[in-house]
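Data block below; observations after.
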Amino acid sequence: MPTSGAPSNLDRANAQLSNTSSTESSSSNNSSTASGSRHVKIESNRVSLPPLKIQKGSFPAIRQPTESSTHFQSSHSVSNAHNQSPLNQSQSSANPVTFEIADEPSPSFNHSFFEKDNARDIPQQPSHSQNPSSSSSSSSSQSSQHSTHLQFQIPSNEKKSLDDPSPRRKPSFFSKSNLKRKYRYLKNPDAWNLPPSLQFIPKNLNRKGLKPVIRAAINSWIAFLLVLARHTNRVLGMSSFFVVITSILVPAMEPIAPMLWKTLFQFLLLFSAYAWTVLAAKLATVARGSPSREASLAQAVSEGFVCPDPSQGFNYCIREAVFQGYFVRPLPSIIWALFEFSAVALFIRLKMKYPPLNFPCVFSIICTAVSANMGPMYPYFYPRIGLFFIVPNCVQTGITIGCTLFILPETCNHAYNTMLCKLTEDTSSFLKRQTEMLSHSPASSHWASFSSLENEIANLKNLLSKMKSTELFLDMEFSYGRLKGEDLVSIQRIFKKTILRLSAFSYFQRLIDHNMQIYDDETIQKAGEATVSSWLNTPALSAASARTSSGRNSSESDRVSYFGLAPVNATTQDSERNGEEIRRLASKQLNVPVNNNFRTVGYASPSNASTASFNDIVQRGRSHVRTGSNNSEAPLAAKTSTTKRNGDLLEPQSPSLRSHKSRLHLPSSLGKFYKKRKKSYKPVGVLEAQQYLALESRLPFNKPQFLDSLLSILKNSSGDLFDQAIYSLDALNAWLVELNHDRIKKIFSKRDQKAAGRDRLKLIKLHYDHLSQALHEYEREKCFDVRKPYESLFQNQDVQQFYMHSLRSLFVVYYYESHLMQAVRGILQILETVIDLEERRPIRRLWWPLRSIRRSLLSQLTGHQGDYDENIHNDVDKDMNQSSTQPRDPDADHPSSLYHICGYRLTKFFKSIFRPMNVFVLKVGTLAVICTIPAFCRSSAGWYYRNRGLWAVILAIMSLQRFTADTVYGYLMRIFGTFFGAILGMVIWYTGSGHGLGNAYGLAAVWGAAIPFIQFIRVHFVILTPMPAVIFCVTAALTVTYSWKSNHEPGVVTLGIGWDVAYRRFLTVAAGITVAFIFSFLPQPRTAKYAVRKNIGNTLIDIGSIHCEISNFARRPVHNHIDPDIQSKVLNLSNTIQSLIGRLNMVNFEPSFKGRWPMEKYQLLCKTQLELVDLLNSLMTTITTLEDRWLFALLYRVGWLDHKFVADQLAVLYMSSNALQTGNPLPQVVPSPLVDRFFTTSGDVFLPPGLNDAPVPIPKAMEYELLNNMQYLNFAVGCTIAYAVVNHIDRIMFITKSLCGEIFEIDKWPFHFDDEYLYTCHPTNSPDQRKSPHDLV
């Protein structure tokens, strides 16, 4: 039997714990062994635990924590016994615990988790030092002792013997087991092999995804039946088909409370629009002189109107005159135009400001458009025009509310709990992926496949943001259960902290992957030789070091370490080649953006002008350094043999260029065009790149030491902690599932509810104890196992003659371990909250909203906070977060009189009118009036009505977007959605009706079969926005329902059936969106590229604010708790940046007339910002773990106590933000790069100097014992994060320069010169002014 112990959730069943006397345990063990049970043991030294029985479907089994690294093979561990490392195999197991695997699983789900009557006692066996492979074979023969043990009952899968008279038959294809296996396989989205746009199908084929589809499908089918029935069709009026369209636009897919609130606002806005149209109709009638119907018809007859059939009576004749446009007059049309303009502008403004009110505003706009298109035709006061749309809309809204209440109803409490379950499952899966990642070598190809961890973290953050919208309605509804909304929110808040801590794991993967990419065996050897040679032969400071006058302080700038460029006498071919190897890898070493991330000029040939990489520019810019002091005036392109200056562009005289010389003899216009097409931007960031190169030459250039061994040790030491964390999350998920399904079971038995609550509480406490003990053992000794590979290096004194071996890999692993411990602490806080809630809420009850509303009002009146803030840490210095800065008006002082105040208010009001959003609102109102002009003219009103021009008006209003990219995207999606929707509508119509005019039973059956698939697309299909799915489904419904309406309850105009309706629908939609598309470019298009660039610049300002708040947080007297306000800002900013990344795909729809839009640079910039935000949050988390003296040492070491260095960081962020917002270029000389000044303090990089006056002196030299200090571990993690923060700020400046360019050229910058400049500026350098190589890491 292999050493596989912990079954997964699907295979776990009937785990039992017992702690009885040794005699009873021995007899139980003998009986279980005799019955043929198989035993698998794990090591444990836990105290005795109460008996426990876990049945299938309930909480998962509990993993016993161990003191040493165990070989516990779980379902989420990818390593097996045969591939364990020797270090892991040499460890012994103490106090093994026996797992009993029985023959029959529990067939049913039971909520009674503890059944002492069925508990069996298995004795614990003595521990032996043995390999994991021998653990299983000796487990059943060892003697018993008093200890704790676990029992798992799993069905036996032993094969039958060959002479068995009844051999096992292969199950048929339609067997129950085979169908279940196929169903589980198809539930996996990866098994479908679908393109990304269709991955929503398998992801939503579950209970959570199908419930809203079933509810919405029944809702639409009922609405279709109302159209088919003659009586209801007639009652709904001439626009009865709007019933089905409304059921598509607003499907019954949301919980009860949001649906009720949206319905309330829908009625409010809809009837407000109707009241506005009634007022317009009254004023238009007054402008006509308030004529009667008879007088109006007589006037039409006098003007030449002839009734087609006078025998039909007066009503028929007046209706024909109205819809032929005989009563359209200029003054009433102007009144209707003004009212339409104002109403459309108002509802568009509300729609943009409050996205949840999207469809209520859309319905109000439709009501206004219907009234404005038909109102000018009526010569008398007719207030029922708006009711043509309001009546079917209100009827369908009532049906939607009924379906929401009675067909698979769902409360916000239930929906929020379901999202918490999803959050728990995804977090558990993320931790399982971590164990898989650590089992692979970074050098293998599998390591890069774990780059998807970043997307998983993004999905977790998006889920948190979705929960925030549901959180608003938790206490606004009636719900029945054990927990109320505030209790669930308290769990979600701790989950938010935990997920932000898990973001560090994805950065760890990228960091390791980056280090493995920049180090290869061939170049490491050459670069290492060049590095040592550079250290031994460079006697003086470099120019870059001498020019860092803006460093930490004046005393530090005088003793800045040398950069170690090429030796002064390095004129041999070997030193030049070694220097070239360093330069070739320099831009990669510190993660400088390369490969088309900078706009560069081409030096090889004109055809390569736009594709020269940043690395090539760096090498060319540094080429003069190799030539020593004899070529100090070499130009940037000295690498080429000859150069020719043509304007501002350096053109090398290469053969490829000379072959194109004849093209310059073309006519002047064509020649200019050719040269303009071949011309590219000049290089940017050359000065920063050279400083990075110098820093790379100075730092030890060594491959990460023992990286594979460190990760192997990390996997073994953290395996037990990962297992316990995953088990705890599985238990939490089962507890949440139980909470959601335990609402009406045994509703009248409080005794059973309390007993079940005690059982649940006992089990959660067991998981809490096991996880807390595993974390304690990990913090005490296991987290320091990774230092063992470095023990021999610290004992070898010869190694430090040139440099100390880089501890970069160790600090990166420390970074991982620190965040792992922080994440586990977050899980423990969640379990603590669950235990507290289980103790306070053992019985189900009815939660009603009036108490929450009353308490909220009382808290606002008294100034006390509600229950939402009871767990928030109230810091005594929270006033420090209040900003003491504010912007000023450079053109005026603060208002000092009533005249100034009134003038200030008026100026602010007029400025607000011409804001971009308000200008767009006025633009949409103008477009609505322009599209309605044919209805305002007497000659075209009848034609416009007969050809359904109203559809074009509605589509034009809805298609015009604020930015050009959105308008182009909407144009394409509406065209394709209308086309395919019309085809589907015709298929449904002709399938149900054949060649006839419509069969009610056939259409009801076909629509009933098709509507679930249509609603599935409507609910779940998203291509950047849900709009394509809405257009597709609405067009299909309109084609079918309007065809039925035209033949069974025809109005004044009948379009036909099937094809006639479909193609008219397509033409009107195409006409409306084409008008909107053209109008979007008038008078001046507002591009999405500008909006995205400005928003990215705004996020940089927010990052600077978070930087300052964390700096203030670190200087507080009490910093043991994370500031929830800062963490909320971090999460909101992360969601904003993530939405900007998704917004970049929308910008691709915008045409680029001046050149290709550099999308990859914006993606890199957003990704860098997202990483920087996560790093700042990680730094705040690390600050909470440090003692005061270590925290002071950290802030001093990383420069956060130096206002000049902090000012430079904020200046870089502000300059980059201002350049992106305005599009202006940046100076060539900026405070960046900041990384070189990060390494300018004396002493070791990861040890703070000069703190002997601290209460407990901190060591100043790196020692092996220091690596066993938890405070130093957190200190090293803080230094690692601080370096990453500075590096990311530098990268932001580099990318911004590549986008905006540079100005203020500094010619002949001293850093470009050779070492003669060093002797001119710094003739002597004392030894204490330099940094010795062994101080560098």
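Along the chain as shown, the residues are counted starting at 1.
Every residue gets a Cβ built from N, Cα and C, even glycine.
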Correct range for transmembrane segment (source Swiss-Prot, candidates 387-407, 807-827, 1185-1205): 387-407
Which listed span Swiss-Prot calls transmembrane segment, if the choices are 940-960, 1066-1086: 1066-1086
Interface present between the transmembrane segment (975-995) and the transmembrane segment (267-287) (three or more C-beta pairs under 8 A): no
Contacting positions for the transmembrane segment (328-348) when only residues 6+ beyond its ends and CB under 8 Å are counted: 269, 273, 276-277, 279-280, 283-285, 287-288, 361, 364-365, 368-369, 371-372, 375-377, 921-922, 924-926, 928-929, 932, 935-938, 941, 957
Spatial neighbours of the transmembrane segment (361-381) far in sequence, C-beta under 8 Å, 6+ residues away: 239, 246, 249, 266, 269-270, 272-274, 276-277, 280-282, 284-285, 288, 290-293, 296, 299, 322-323, 325, 327-329, 332-333, 336-337, 339-340, 343-344, 347-348, 350-351, 388-390, 393, 928, 932, 935-936, 941, 944-945, 949-950, 953-954, 957-958
Positions on the same chain near the transmembrane segment (975-995), where near means CB under 8 A and six or more residues out: 1002-1007, 1010, 1014, 1027-1040, 1043, 1057-1059, 1061-1063, 1065-1066, 1069-1070, 1073
